[in-house]
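According to Swiss-Prot, the protein carries these features:
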type    : residues                       : note
BINDING : 11, 12, 13, 14, 15, 16, 17, 18 : ATP binding site
């Protein structure tokens, strides 16, 4: 197998990263592709009480176990199968369940801090930042957290104003400068997605 191509897709919460990723995956049908979500790598918090876990700031870079993510990517690139962790949001700690990933032609790493860590960026062949208006991002986050995570609207808005927005401005927005391409308006930008697909295909064939 040729060298594994690693793609990083970053952007704020609700920016449309998942939509962009889904369309790139669809365009790459016929290739062997794996999607690894950075959210899988929230740190294990078994050593903390449940009350302490409730205070976790999931929008801070320190919440992620990037060392494990980097090691998993290196192993996959070297042809090894890896066990990727998963996260239990109800208990605010790592789940006992893992997901088995085998080496692929392309690995997509998607997450709000996908471009924040320099050692992680160094593994990437293509770095993408999805840039979407803040008003649209908060609306998407409200819908997601209420429907998928059982949150109330009040709690989501409070978290956005006190944590998500400040963390975005401090840590996520600045990573835009590391991107090879910035995709405005997420998955609706078919031109940018097609350009990125063509670039990825060219890397696979090298």
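Using the three backbone atoms N, Cα and C, a Cβ is placed for every residue, glycine included.
Remember, predicted model here, so these are calculated numbers, not experimental data.
Positions of the features from Swiss-Prot, shown on the structure.
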residue : record           : contacts (Cβ under 8 Å, 6+ apart)
11      : ATP binding site : 17, 112, 129, 130, 131, 132, 172, 186
12      : ATP binding site : 112, 132, 134, 137, 168, 172, 173
13      : ATP binding site : 59, 112, 137, 140, 141, 164, 168
14      : ATP binding site : 132, 136, 137, 138, 139, 140, 141, 144
15      : ATP binding site : 130, 131, 132, 137, 186
16      : ATP binding site : 130, 132, 140, 185, 186, 187, 188
18      : ATP binding site : 110
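Other than the site residues 11, 12, 13, 14, 15, 16, 17, 18, same-chain residues with C-beta atoms no more than 8 angstroms from the centre of those residues' C-beta atoms, the ATP site, are 112, 130, 132, 137, 140, 186. In the three-state DSSP scheme, residue 11 (ATP binding site) is classed as strand. All protein chains shown were included, and the count of other CB atoms within 10 Å of the CB of residue 17 (ATP binding site) stands at 26.
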